[in-house]
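Novice: Okay, handing you the structure first.
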Amino acid sequence: MEVKQEVLRPVSNFKPSIWGDQFLVYDEKEEDATVAQLIECLKEEVRKEIMVALDDRNKHANLLKLVSDIQRLGISYCFKQEIEQALGHIYDVYGDEWEGGSLSIWFRLLRQQGFFVSCDIFKKYKNNDGTFKDSLTRNVEGMLELYEAAYLRVRGEVILDDALAFTKGQLEKITKDPLQWNCNLSLSKHIKEALERPIWKRLPRLEVVRYIPFYEQQDSHNESLLRLAKLEFNRLQSLHKRELSQLSKWWKDFEPTKNLHYVRDRLVELYFWVLGVYFEPQYSRSRIFLTKVIKIATVLDDTYDNYGVYDELEIFTDAIDRWSITCIDALPDYMKFIYKILLDTYGEMEEIMASEGKAYQVYYAKEALKELSRNYMIEAKWTNEGYEPTLKEHETVSFITAGYQMLTPSSFVGMGETVTEEPFKWALTFPPLIKSASVVSRIMDDIIGHKEEGKRKHVVSTVECYMKEHDVTEEYVYDLFKERVEDAWKDMNLELLTCENIPLALKMRTINLARVIESIYKYDDNLKNVGAEIQDNIKSCFIISMSI
């Protein structure tokens, strides 16, 4: 009788989901017609305010402040055309020679919108000897605005590098002794949060949670705008909870604790990740698909990394590459289960998009997933052979396995009429924008996770590769890699401003993916270890409503 040899698997023990079935059931309530009518009335009020200010140069500074508040309150999707018109008009009228109020708000808003305005305008903040003027130091809010604007810098913009270093130092002093600077507690807290994470690196939905209470405390706040922001937050929260319930049922039906016991059970955290990519109501269909995609990618990652043995992984990679149900019989039982989920999920979305004549969108999403799986396989081969790649070899592969080359085109699927085939083709070439976001993802992940991964059989990280090649300390690599992350942000900013053949709405998906990493991997791996910060963020987005 043949003795069946036991397969030794490199399993990691992940903690179960802390949420249980909390989001499984959503008690949907019919929207109050009176509230819906009020929202429309408030929108009209704000719309009129924007358009009135547009034609009066004396109101242009206030117009920019209004646009900034609309964006930070999370309701810019309500005024997309008006904001585009307003910022386009400001650029047409002033070019690089802004004459109104805050230079920093003007600069930040126009660069965010894709206008490559010059940073030379900030020279007026400097003395002849290159130091910053005392008048700036005395203006706390002005320093904060300049600090935020400086994060829109590209490589070579020395004045913005200087401005960031200067304002950061000054703002840190203020937070240590706010009373000395006549800084109230609300503004001091606002500054601390900015130093922790600037606007440009924040997840837009979390900025809403943070900014609404601050805005409400300002004497100059616009009551209609505030009320609209709160009502829209709650309305959107209901939509998000409904989506999360739908996704929770989808995942629970697979009985993951039984059939995928080795996989991180992090559906809620992954939906939060996708909410960072787009939270707006018009992207509901895309959000649901992308959450399924990132969940599948997590299953693949854990299979290649933590459970599958080499021979199985070779067959599995070939099956994904061929993408045919005829491949399923060659797979081990647990892989058959995964493969069926994979084919069914993409097939379902392909049918939906085919009904709109856009099945090609899912084709490109599939091609991106195939590329991800091929590179997972290369890492598995290195681990199996005990091979230590050079840093260059490593990054050729690990920038792909960071996942953003796959997630970017996948995030475009179902976004609407403005998405043509060209952006999908562009995304699959691994262009500079997506590569830079992948640098942020890979490096921040490796800095946080390389020590834990080093405790088991695992491909070496970029941190170890660099240490070995250059014979330097771990701390040296950390500092160097953090500079690389900042340079990657500068490169993303440049692409946002110069990659003109891709719509801004699509480029922002990649920017938002990088923002997610800044939120989830800054201090810990919040997918493996669901810490207090991400728990609080999830509660803020899905459980705690705004009081009206």
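Here the Cβ of each residue, glycine as well, is placed from N, Cα and C on the backbone.
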Novice: Determine which of Arg264, Arg285, Arg287, Arg322 appears in Swiss-Prot for the same (2E,6E)-farnesyl diphosphate site as Asp301, Asp305, Arg442, Asp445.
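Specialist: Candidate listed by Swiss-Prot for the same site: Arg264.
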Novice: Using DSSP and three states only, what is Arg264 ((2E,6E)-farnesyl diphosphate binding site)?
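Specialist: In three-state terms, Arg264 ((2E,6E)-farnesyl diphosphate binding site) counts as coil.
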Novice: Ranking the binding-site residues Arg264, Arg442 by other Cβ atoms within 10 Å, which is at the bottom?
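Specialist: Looking at the binding-site residues Arg264, Arg442, the Cβ with the fewest others within 10 Å is that of Arg264.
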Novice: Under the DSSP assignment, what numbers of helix, strand and coil residues are found in the motif 'DDXXD motif' (301-305)?
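Specialist: Here the numbers are 5 helix, 0 strand, 0 coil.
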Novice: In whole Å, could you give the widest CA to CA gap in the (2E,6E)-farnesyl diphosphate site formed by Arg264, Asp301, Asp305, Arg442, Asp445?
Specialist: 19
